């Protein structure tokens, strides 16, 4: 009754009492070891086959990983990403049926600094994971999150999209086979395997940055943005073209609902789809998106996949402390009553796409500064965004120089940025006594409202929750200034430009 | 030191706006609320001068405030609309007859003509009788489907050009969440539209002037304006699936008040991949109402009720539509599946 496509053809059955000697429903020979869905009992062998098949089918159906390509595996130490590591490792082994043909490397981002972990705990967790990585035989690097403070602003430059159709995949396969299928061993900088302890001052800067976001929701959002930037930068600097993330179906269903609640409807396909092409030259893929958290947990236990638990920002947080945490408890509770919830949400996410307003080689100015997705803040008539701007305007005293209150000011979405600009010039008395931004008194208010014009709807909300934007890493602030200068330039010469290309 | 209103900076603030968090005095709040509804109507071009508009009134807070604001704005800004009240009697004793009294009071207060259509006269079934047959789990489906058609039929009887309903921002956000949870991609695409398409006979276009107003603000407005309304939960609604989405939304609002608008914004900016199968609009072969199948949903539900097979219509049964149209009897097995289960 909770699903549109639900069919009621089967008569109601009496639930079979669970018996220990049940047979596997697939091979009908072995004794059942796991029950995946109600009524589907699998034996160990069939379960392993089913699990591996799903991974291969996911990669094979979306032909984006070319043979011989360098792929970076982002492992956080959690069950999903360690399971993904094991799948890749098994797929590469010599006796695998149809061996995987790409060259992987591993990256582990140590976020202990942002969460406030003690140095010994960080060292211990990193050492455990390093042991796991060494056992796989694949090259790996450990990157502390503090390195995000030193990133170059080229991270935020959208490199040109690598357009590739199905023809490109076949051509790549052909090339690989012809070159003798030489499996090139990638090498990552060996010094970065176990970096020396991070300086305390940098950890403190990072903590101050995260702490400048006042709500846990904004902190989570900021942390995941910084983590993604660091991942992309690591991939670029080490020469990798694809990054594999270990998000599973349950986590992606939660992410979908969270994204909707944060206002990221336009970017849903990129946030939760199989491949995420917002960075242009680096493609993020999610091969584990078909597995529910339950299946991964069973597999890890039955086949001894090691994983290391590292506490995050939301560990032991209460249900209502953040939107992410609230959505997680909502989905898991609903799943208990309606077992098809997660898979239905997953199917919904498969049917979405990114609304592309401008051309595919999007102008830099059309992309959000933080999340690098296309901007969705064109305040069209009769839209929710316009309605929020109108509400803001109607609830505050009008700035000096505005026309009568009955007719709205011609460009409302300029109101925040315009007020900011007028204040920095210092010439006019703003008259905005009770304005939420307090833009009269400090230049930093002007800065944050100026940043907003460069951000998409949900990143604006995150910045709004921050007490000061000065703590943002240097690369973000300098890129913001560069974009503003460029758009000012464009305004000056707008009438002389023949086409909109950047 | 009393807090001053952030708009006029003159009078004492008596309330905090749930939508933006600003503190406002009574008059500024009224003005802001009415102004926002006016701008929604203007920017979406909901009405044309000279139209006859039916206000769907249930006696609850949304429709009472809607009637009040529509009358006020009609006079203040000269929309030149002829307003009427339209109400639906589902036949839920103890709930609907009380709220209908409120509607009759509204009619006298605002001096607007009123028409009441009832399920009894349109379909021959009241909700009480339906619940006796169907149980407490799927009854909201029946009520919702029947009410939509009842509104349209009433509108045609009154000869109105448009209907406006009191759906607020919370309702739209709940609907977006519910459609994601149910996987209903077709409805997900349409549900954030502020007005329905206006093609076809037997269909009156519908719009939601209060689409961007928070439910809490509607209550605040009614409270300070001393508007009288009937406020009880429908007695048959506790088990509806929508309840889950509603609790979730309330929790979201308590964490971050802008969540409601964020969800509406997300819903408006969703885009569906090409190649996803969408239903095509046609007409029902039996009653002529708009439908995407050969039989419209209310005909199917009615058929099920009349034959004592209440599960016909819950779930996908369009294979049986042809059988129903040609009035063939259903087989023994099909009958057994469609009979009601213990509740």
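The chain as shown is numbered from 1 upward.
Just so it is clear, glycine is given a Cβ too, placed from its N, Cα and C backbone atoms.
Any TrEMBL annotation is an automated prediction that lacks curation.
Annotation source TrEMBL lists domain 'tRNA(Ile)-lysidine/2-thiocytidine synthase N-terminal' at B:54-246. Under the heading ATP binding site, TrEMBL lists B:56, B:57, B:58, B:62, B:88, B:166, B:171. Annotated domain 'Cytoplasmic tRNA 2-thiolation protein 1 C-terminal' per TrEMBL: B:282-312, in sequence order.
Structural mapping of features recorded in TrEMBL.
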{"residue": "B:56", "record": "ATP binding site", "CB count, 10 Å": "22"}
{"residue": "B:57", "record": "ATP binding site", "CB count, 10 Å": "29"}
{"residue": "B:58", "record": "ATP binding site", "CB count, 10 Å": "23"}
{"residue": "B:62", "record": "ATP binding site", "CB count, 10 Å": "24"}
{"residue": "B:88", "record": "ATP binding site", "CB count, 10 Å": "26"}
{"residue": "B:166", "record": "ATP binding site", "CB count, 10 Å": "24"}
{"residue": "B:171", "record": "ATP binding site", "CB count, 10 Å": "21"}
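Mean pLDDT, taken over the domain 'tRNA(Ile)-lysidine/2-thiocytidine synthase N-terminal' (B:54-246), works out to 87 on the 0 to 100 scale. When secondary structure is read from DSSP and collapsed to three states, residue B:88 (ATP binding site) falls in the strand class.
DSSP assigns residue B:56 (ATP binding site) to a strand. Filtering the binding-site residues B:56, B:62, B:88 for a Cβ under 8 angstroms from any Cβ of chain A leaves an empty list. Applying DSSP to the domain 'Cytoplasmic tRNA 2-thiolation protein 1 C-terminal' (B:282-312) sorts its residues as follows: 11 helix, 4 strand, 16 coil. Across the residues annotated as binding ATP (B:56, B:57, B:58, B:62, B:88, B:166, B:171), the widest Cα-Cα separation comes to 19 Å.
In the three-state DSSP classification, residue B:166 (ATP binding site) falls within coil.
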